[in-house]
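Here is what Swiss-Prot records for this protein:
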BINDING   CYS60, CYS62, CYS75, CYS78  Zn(2+) 1 binding site
BINDING   ASP449, ASP451, ASP453  Mg(2+) binding site
BINDING   CYS818, CYS892, CYS899, CYS902  Zn(2+) 2 binding site
Amino acid sequence: MLDVNNFEYMKIGLASPDKIRSWSHGEVKKPETINYRTLKPERDGLFCERIFGPMKDWECSCGKYKRVRYKGVVCDRCGVEVTKSKVRRERMGHIELAAPVSHIWYFKGIPSRMGLVMDMSPRALEEIIYFASYVVTEPGDTPLEKKQLLSEKEYRVYREKYGKNFHAGMGAEAIKKILSDIDLEKETQELKAELQTAQGQRRTRAIRRLEVMEAFRNSGNEPSWMILDVLPVIPPEIRPMVQLEGGRFATSDLNDLYRRVINRNNRLKRLLDLGAPNIIVQNEKRMLQEAVDALIDNGRRGRPVTGPGNRPLKSLSHMLKGKQGRFRQNLLGKRVDYSGRSVIVVGPNLKMYQCGLPKEMALELFKPFIMKELVSRGLAHNIKSAKRKIERMAAEVWDVLEEVIREHPVLLNRAPTLHRLGIQAFEPTLVEGRAIRLHPLVCTAYNADFDGDQMAVHVPLSAEAQAEARLLMLAAQNILNPKDGKPVVTPSQDMVLGNYYLTLERENAVGEGLVFKDINEAMIAYTNGYVHLHSRIGVYAGSIQNERFTEEQRKQLLITTVGKLVFNTILPESFPYINEPTKYNLEIETPTKYFVDTTTDVKTHIANQPLIDPFKKGILGNIIAEVFKKFHITETSKMLDRMKDLGFKISTKAGITVGIADILTLQEKPEILEKAHDKVEKITKQFRRGLITGDERYERVIGVWNAAKDEIQNKLILSLERLNPIFMMQDSGARGNISNFTQLAGMRGLMADPSGRIVELPITSNFREGLTVLEYFISTHGARKGLTDTALKTADSGYLTRRLVDVAQDVIIREDDCGTDRGLTIKAIREGTEIIEPLEERLEGRYARKTIRHPETNEIIVKENDLITEDIAVQIIGAGIEEVSIRSAFTCNTKHGVCKKCYGKNLATGTEVEVGEAVGIIAAQSIGEPGTQLTMRTFHTGGVAGDDITQGLPRIQEIFEARNPKGQATITEVAGEVVSIEEGRDRGLEITIQGVDDRRSYTVPYTARLRVEVGSMLDRGEALTEGSIDPKALIRVRDVLSVQEYLLAEVQK
């Protein structure tokens, strides 16, 4: 038997007929399977015990030999060897075919290997194999060519003319004859000679043929083995047959396919023995060929063979390929022991690195550990009694369990695992009930909520696995997102709302302008109702535990609110006191304008100061990032827990609720609608007079309604109170956005119909007033589309991720420095005038390609091949430098991967990337993970031609597949100045560009939106109109690097 676990390497090759016979333990001659009365396998059939081994351990078929003592005896009555029944999983049989058949993989695969070796087209091969044409195998001294195809009629004519002077045949036999005659050495030499001269199509074909020839030579396989004389039969346990209740049998499809082969093969043998007419024999040979094809790969050629209920049968190939095949389903997707799953609920009192594990689950998962501990403590005499104790759930078991799980991390995983933060490690704490408790802050990383989500638990067993889980995978270690280095553990929902409410300021609140000696005094006053949480007050700066205040400031009063005093207690002491949501306050110090002399009249001072914005979600994220930068992981995770607790506590105390009275309708709404109706009336009149086209009318009507909706939205925002609960929820970033609010209180606006075209009848009502029946009906289109899109999008996005991982998985950091002298010049990414990604964000964490000097003082900002930190990036921007040459993975010289310097820093840890880091997979996940959130909709600006610019997920796929994009932009092939834009001779606008040595004109449709005007200076390959550039066109006009840069910029959008 094979030793499955111990091998050096694995090689897959063609099997020769002798090899197949050597695997086999006997020939299968009959199509019978199991006798339905005795339930014993039929002799010489597909389940024969003599060939494949006994059905029962140590027992022959007829029952003459039973027991282990007869091991290895071959029964003289039934011929079955006495051995374990497990051999039925590994013993193979074979079928001796009455005529050779072609293996469909080699004849039908792409490219057809058989066709390449014989230098024939797959079409011709098919005609020969399926007995439609003859092929000349030996031309003799006739004018025929070898491998020439002859029809039935031509064959008869030539037979009469030349008699026995030439040989021609059909079917796999003829092909086998030709394949046997091929001299690989000679063919290889001829092909190499041909490569010297050949061009174009002939050259590519020669290269492909040479590859196959070389492969045959090097592997020692014979081309004629692509034709089968013997068919292997796989072991019966792999294609089982079981009896169901009611006496019926369930069987694997393979048995049906094998039976068809055996039946046809036996019939062919009989016909050959009888000496039947050629036409009948040929037909039978063709049927045998088709039966073998169906067995190996059903449905590859012609209609698949179907079983009961018109279901295509699963052939050998189907068993292996695809998601449900052997590899992806069973070898890569095994079920694992020491795992469990349950519903998750929130655990607000957990620490960042903890999770709550239900007691019963922990007992089952840690069973072996508990049993060992029980025995070693002497609480149980042996493993068996320890097991009994656990099953009875004795009292001492729980104490041992507490001991065992201490410092033993478990892994929590939520499907779908879209990026590496979908599996993290936690220290378990035991909880009552049957639900897993999850820390609220890690929900963002898992994309989890508590509406019934389930999660799986896995126990790392070995010491190494535990160490790895603790050091690399602990939730407290994974604060930054690997895709952009920003914190992924940000407070959400209630936590955001609590901290927002805490840091609000109100005018003329109770106790405004009071002065306190320290935070304790202020808190006593607050508790007793002398001062409000939002009141602006003065506090002696010296009493605040903050190392950032200067000596001067410590003697002054700090103007702040009670809430901000509380908020600042969660931050580390050496962090600036945060009084306003600005970058300056976060990174450098509290602005001096908040300090006043102790002699100041605080009340009047405050009354003249504007209110400061409260801290919204974004600022909380920035605070976390800043704390992480200065204090690293441990301190950050403690601070996060404090922020979470404070947020929950305050949002509970604030008692923010939503009632119908909080939705205030707009007084001016009727007149805005009135105006819009008038405008639409005017546009329709213009259309009736023929002044504008139908398309233009539609566009303008939609424009009018969008403008009306925006006006209502803007007026709504202005009319809202700062303390309106719905406004606070939206403003803080806890939940909802302004358009939800507009739909509640303003108007719902325009809706799209199922095809995605916008219906020009707007929904003028809002949810507060209620919709009319027609409006409700129009709304249902959009809702339905939303649901179907989500379902389709998830599958698409997952498939995109899978393809990305497939191409990027070999990209690993291989060395420290590849020593390249090339780099990539980068500048801020812009879309029109708007900056999508500023230069400093692109620079931070990369290595400089050239030494960068200050343009005025000429001092060195950063040396070449040094890391550009955030501070250096700010200096570069401050010096007014707009483009910088950096080391980039595009220009890295490392073979099979990238080097440290070209990659830059590891965003997930904020430190230098280490050799061996699988950066390709991180990149693939970072693109694939947000794919689920991208929209599927192709936005239509009213369905005008040339304006369907694809966005979202389809656009990303378009870029990676390098397809011809939808809504393609016209690009210029010359560099120069745009001299004129005028109406062309035929439809459209003509743009003329004067280059250095020539002049070119491009015609674009009228509806295209132009990106250039007369006098614009253009580079080669720049777009003249809005839209996506075809990368293949760009590479013709410019170099590879510019295409890489264009694709990079597009993906970043």
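Cβ coordinates come from backbone N, Cα and C, glycine included.
Sequence features, as recorded in Swiss-Prot, placed on the structure.
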residue : record                : DSSP (3 states)
CYS60   : Zn(2+) 1 binding site : coil
CYS75   : Zn(2+) 1 binding site : coil
ASP449  : Mg(2+) binding site   : coil
CYS892  : Zn(2+) 2 binding site : coil
CYS899  : Zn(2+) 2 binding site : strand
>> By the count of other Cβ atoms within 10 Å, pick out the sparsest of the binding-site residues ASP449, ASP451, ASP453.
In response: ASP451
>> Among all protein chains shown, how many Cβ atoms are found within 10 Å of the Cβ of CYS818 (Zn(2+) 2 binding site), not counting that one?
In response: 18
> By CA distance, which of the binding-site residues (CYS62, CYS75, CYS818, CYS902) lies nearest to ASP449 (Mg(2+) binding site)?
Replying inline: CYS902
> Cα-Cα separation of CYS899 (Zn(2+) 2 binding site) and CYS60 (Zn(2+) 1 binding site), in Å?
Replying inline: 64
> When the Cα of ASP453 (Mg(2+) binding site) is compared with the Cα of each of the binding-site residues CYS78, CYS818, CYS902, which one is closest?
Replying inline: CYS902
>> Nearest of the binding-site residues to CYS902 (Zn(2+) 2 binding site) by CA-CA distance, picking from CYS60, CYS75, CYS78?
In response: CYS60
> Per residue, counting other C-beta atoms within 10 angstroms of the C-beta, which of the binding-site residues CYS60, CYS62 reaches the highest number?
Replying inline: CYS60
>> Can you give me the Cα-Cα distance between CYS78 (Zn(2+) 1 binding site) and CYS892 (Zn(2+) 2 binding site) in Å, rounded to a whole number?
In response: 70
> How many Å lie between the Cα of CYS818 (Zn(2+) 2 binding site) and the Cα of CYS75 (Zn(2+) 1 binding site)?
Replying inline: 70
>> Under 8 Å between C-beta atoms and at least six apart in sequence, can you list the same-chain neighbours of CYS892 (Zn(2+) 2 binding site), or say none if there are none?
In response: CYS818, THR820, VAL898, CYS899, CYS902, TYR903
> Roughly how many Å separate the Cα of CYS60 (Zn(2+) 1 binding site) from that of ASP451 (Mg(2+) binding site), to the nearest whole number?
Replying inline: 58
> Using Cα coordinates, what distance in whole Å links CYS62 (Zn(2+) 1 binding site) and ASP451 (Mg(2+) binding site)?
Replying inline: 61
> Looking at the binding-site residues CYS75, CYS78, CYS899, CYS902, which one has the fewest other Cβ atoms within 10 Å of its own Cβ?
Replying inline: CYS78
> Which of the three DSSP-derived classes (helix, strand, coil) applies to CYS818 (Zn(2+) 2 binding site)?
Replying inline: coil
> Rounded to a whole number, how many Å is the Cα of ASP451 (Mg(2+) binding site) away from the Cα of CYS75 (Zn(2+) 1 binding site)?
Replying inline: 64
